[in-house]
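> Handing you this structure, nothing more for now.
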Amino acid sequence: MSDEEVEHVEEEYEEEEEAQEEAPPPPAEVHEVHEEVHEVHEPEEVQEEEKPRPKLTAPKIPEGEKVDFDDIQKKRQNKDLMELQALIDSHFEARKKEEEELVALKERIEKRRAERAEQQRIRAEKERERQNRLAEEKARREEEEAKRRAEDDLKKKKALSSMGANYSSYLAKADQKRGKKQTAREMKKKVLAERRKPLNIDHLSEDKLRDKAKELWDALYQLEIDKFEYGEKLKRQKYDIINLRSRIDQAQKHSKKAGTTPKGKVGGRWK
């Protein structure tokens, strides 16, 4: 056999030995091992059961000293009373402090109220003085204006009296103008009085009042319509006047450039 074959045989032999060592033992051997372990643990259980238990005994009170339960209870009651008294004292102190704070707050409120009333009084007095001053200034201005008007009227009268006969015609024209204004004002009042009829509704029933209200509403609605129509008509007329004026201005500009005199208003008359 060569050296390589010898080495191969030795390796196979070694592998078989390793496999035998790693294989588990037979069942009989395993059972014996468990029995040995069980036998080893049994003495420990016996020892635990045989351990003696300690005996419990009541504490002994020294024979030389006696315990006074009444004294202990009295001390406890005194301690509770002291704590209760301390709580009562702290409560009354807090109550007293709150009352003092409340009194101080009321005093501050009253003081602030008095200060506010004084400020309002001073403000009202200043406002009254200001109103009086304004009234005095207004009266003074009115007096000065009346005096100035009187002086102007006197100057006008003197100037007119110096004109002689023309003064009477001037007064007549002035009276005529005043008469026209007065007549127009009276006519306006008359027309308004005719249109504004008295409203007698005290004797009307509910249905008639409803009809009257509807009638007034219709009249008011018609007046609003007329007002709107007149306003639109006035706008159109103003627009037409503006257009006419612009056309006249344009015509005058062209005529000036051409050197001709257009037909227009001269001396208050149209040519």
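Keep in mind that glycine also has a Cβ here, set from the backbone N, Cα and C atoms.
When I checked Swiss-Prot for this same protein, it listed these features:
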COMPBIAS  1-21  compositional bias 'Acidic residues'
REGION    1-74  region 'Disordered'
MOD_RES   Ser2  N-acetylserine
MOD_RES   Ser2  phosphoserine
COMPBIAS  29-53  compositional bias 'Basic and acidic residues'
COMPBIAS  62-74  compositional bias 'Basic and acidic residues'
MOD_RES   Ser90  phosphoserine
COMPBIAS  113-155  compositional bias 'Basic and acidic residues'
REGION    113-192  region 'Disordered'
MOD_RES   Ser161  phosphoserine
MOD_RES   Ser168  phosphoserine
MOD_RES   Ser169  phosphoserine
COMPBIAS  183-192  compositional bias 'Basic and acidic residues'
MOD_RES   Ser205  phosphoserine
MOD_RES   Tyr221  phosphotyrosine
REGION    249-271  region 'Disordered'
> Within the chain of Ser205 (phosphoserine), which residues six or more apart in sequence place their C-beta under 8 angstroms from its C-beta?
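Non-local contacts for Ser205 (phosphoserine): none found.
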> Where DSSP helix means H, G or I and strand means E or B, what are the helix, strand and coil counts for the compositional bias 'Basic and acidic residues' (183-192)?
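With helix first, then strand, then coil, the compositional bias 'Basic and acidic residues' (183-192) has 10 helix, 0 strand, 0 coil.
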> Sequence-remote contacts (6 or more beyond its ends) of the compositional bias 'Basic and acidic residues' (113-155), Cβ cut-off under 8 Å?
none
> If one measures from the C-alpha of the residue listed as 'phosphotyrosine' to the C-alpha of Ser90 (phosphoserine), what distance in angstrom results, rounded to a whole number?
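If we compare the Cα positions of the residue listed as 'phosphotyrosine' and Ser90 (phosphoserine), the gap is 82 Å.
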> How would DSSP class Ser90 (phosphoserine) in three states?
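Going by the DSSP assignment, Ser90 (phosphoserine) falls within a helical segment, counted as helix.
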> Pull the DSSP breakdown for the compositional bias 'Basic and acidic residues' (113-155) and write it out as helix, strand, coil residue counts.
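Computed counts for the compositional bias 'Basic and acidic residues' (113-155) are 43 helix, 0 strand, 0 coil.
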